[in-house]
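**Q** Have a look at the structure that comes next, please.
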Amino acid sequence: SFSKTPLLLPSLFSPIMKPDRTPQVRKPRPTPKPKTVERNVEQDPVEVYCRIRPSDSPDQEDCVTVVDPCTVKLTPPVNCFAFRNGSAKEQHYKFRRVFGPDTSQKELFDCVAKPLIADVLRGKNGLLFAYGVTGSGKTYTMQGAPQDGGIVRRTLDVIFNSIHDYQTKRCIFKPDRMNGFDGQCESDAFSDRRRLDANPTTRMTRSYKLRRDTGGSQDTSQRIPDTSRIENIDDDNVFSIFVAYIEIYNNYIYDLLEELPETGPSRGLQTKILREDSQHNMYVHACTEVEVKSPEDALEVLYKGDKRRKIAYTRLNCESSRSHSIFTIRVVQAPLDAQGEDVVTAKNAITVSQLSLVDLAGSERNTRTKAVGDRIKEAGNINNSLMNLRACIEALRENQMTGGVRKVPYRDSKLTHYFKNYFEGEGKVNMVVCVNPKADDYDETLPVMKFAELASEVNIQRGPQTVKQDLGLLPGRRRANQLFKDVRRRLETEGENVKNLEVDLTPIYTLAPEWPSVVYTPEIMDDVVAKLKAYLLKRINSREKLKSDLQDKIFVVRSSVMEMEKENILMKKEISDLRSQYSDAMAKVRSMESMLLNAESVNESLQRKFNDYNYLVDECNAVREELDMAKAQGQIEKQRMKARLKTKLEQEREKLKTGMIAKLSQQKSRIYQTQVRALQEILLDGNPSTQVSCPSVSDSDISQIRPTTRSQNKSNSDPKLEASNAIHTSDIFSSGVVNLRHRRSRSQGAEKWLDHRPVQEVPTGTVLQPALPRRKSVTCLRSGDLTEGRVSRYCLTSQQQDSEGELETKLYKGDVLPTVGGGSQVVFQDVEILRQCDPLAVPSRKRSSGGTPKVDVSTIQDRCAVGIQGHAASRQFGLNKRSRF
């Protein structure tokens, strides 16, 4: 009872002394054990869970269905590779537990992650990673949403809910940059806290709150925290939480929390290296570890790292993770001293445990993603690391099944090398396999299921239990200290009114050993008195020592209170500034909300117009397609009709040509007989008794004579020339019409001419020919013809039909002049035109080019007279006309 126990000041207020750091003892590398001993080692299986993502649409074809709480069925669709290969069949896969599409985040967390959190708070390590193809829901499972957090967010809530009353102040524990932690006293921790608060570039938790901006921080207004907690926590220990966030991108490690310089040239994150600490555990060298004191601080750190993660757009996922992200939570705990007040900061008393939450990048095939450039390289590195993880699991399973010593290829990738300790027994491993039930993902889902089945058969050896050094401290120290403080407070407030308060403090605080047993006898009276005097002196010395300690404590507390008051004043000023900034920010938010409402209304109207335009475009496209089809059909019909008409035209042309040839031969025969009889009558008219013998000429002879003169002057392809191919009387009696004298034209001279004539020249049969004594005739003009042989004149002959179907020959004449560059040029100076007319043709009403009207010879006698006797007439109306321009 209180009356029986003297209430004296305990040794609680002993002066604070900075403990000496114990030298770090390197743990020797364990020697390999024989196979017979390994079989007796306890093992823990890799717990594999399956989560099925909800379908995107109700009519979606699924290939994964839940059979029971531990089994799923994989059904191959028709378009899968196995179905085309002929090896498609339904398969069943077993898991620790299967979570269907309707499973909540809370249910998944309580089953998968909560046991790992309990182990971490008790000093054990844990590893949890999400595995699956792209778009299967891995990131949602790990991160979740503000209203429904995932595994990472809920883990932080549960940890801080469990150690809320047992946290230390900041900077009591400091990372030693070698995967360990050092402890320091309160005075040193207070100095570090002030330095961190004064330097904004090195602030850890509080700096994130001070540097928040409205556009760069996460929205925590809608966050719903998890209220569950872990029971049976050692209340005689104090805890501190450190978080780190890294990613493995293209087989390189990057620290997502690395502080980048705010000024100067910007540069990206630097690659980090893996190292092995004194306990042979792998860690990332120079990785930033942030001490957090609340879930909000930890989520702020998480959000900062998420903004730096490598994500990209692919055809399968609009925000596809291009790296493996690892969020590590390290729990540092140390016991309280014997009085339950201060932390034992000795190196051997500090226990460190960690929980790694891994969001693996999704495996993918380039044939489906159609990736190019950097996306192909990223996908290759992702698939290589996942294949190496599978190879490590296979090697572990083979060693377990056969008892072999096959080397596990941890070093082939940074992912497996970093988690080597977990697979060698340094903690518990859980895996969540995320599956998209869509039938199109069957070919990617099948190897994921096989890997999950393989991993579930692997047992990891349970590592050595963490042996805590016995410091000789009794349990219940924190509770006793709190009870003592409460009693002292009540005594100070109520005074003598608490005499009957029963508080048993004897087992906790004593000033000296218990009173010695006294047996009063006269013989030993002096010895008993001496013992009692020694005992009382010891108690008096203890009392004096406690008084001096109390004064020192009072001075320390007073100085601490003064410092806290100063800090309180600074914080009040800072709070007032923050409130003013908050009011300004809220005003901006309200204005932005009004602008957002206006923009949404405008956007809705534009969206309606856009939908109407799309509808019109679809209608126009449909009409255009119909018109294109009709046009194509019309073109086909047109081509068919054209082919038929062309064939019919050819047939009619051949028919007309045959008929015209027959009629022409008959007409030629009649004209010839008529002309012969008329000539005979004319010749015998003056002297009937005179008989003129006319050689008999047949139609075949005429046909041989006429084509040599007419057909050469007219083109066979012109129907007008073929129709007007009549027989001239003057051609039969050529002796009276043709003057055989050699008559020159004005084209004469001593110069050397270059006569350029067509390949097939029609002979004109007249004396009006150009006289070119020194000439060189060519049919194809070359560049050397004008420069070789001293050519000084050039004549170009061209033949064509005029408007009446008659042959027209043109002679273009010019001088060949040398040029400065060593070549030659032709300067045309004269054009002669020769026209050949048929005297038997019906005269035209049009005037000739010379202005002289054509003679209308109405009778055969006049025609013959003109042809035989009139030379002047022949020059004027002869067979050939010559005009010069």
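Cβ coordinates are placed from backbone N, Cα and C, and glycine is handled just like the others.
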**Q** I'm validating the feature mapping. Which of 71-119, 316-364, 561-609 is tagged coiled coil in TrEMBL?
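**A** Feature coiled coil in TrEMBL: residues 561-609.
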**Q** Would you mind telling me which of 1-40, 201-240 TrEMBL tags as region 'Disordered'?
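**A** Residues 1-40 are the ones TrEMBL records as region 'Disordered'.
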**Q** Which is it, of G132, G135, G137: the one of these binding-site residues whose Cβ has the most other Cβ atoms within 10 Å?
**A** G132
**Q** Taking the Cβ of S136 (ATP binding site) as reference, which residues of that chain separated by at least 6 in sequence fall under 8 Å from it?
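**A** Listed in sequence order: R53, G362, C434, V435, N436, D441.
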**Q** Are there residues of the same chain, six or more positions away from K138 (ATP binding site), whose CB falls under 8 angstroms from its CB, and which are they?
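**A** For K138 (ATP binding site), the qualifying residues are A130, Y131, G132, S321, D359, L360, G362, V432, C434.
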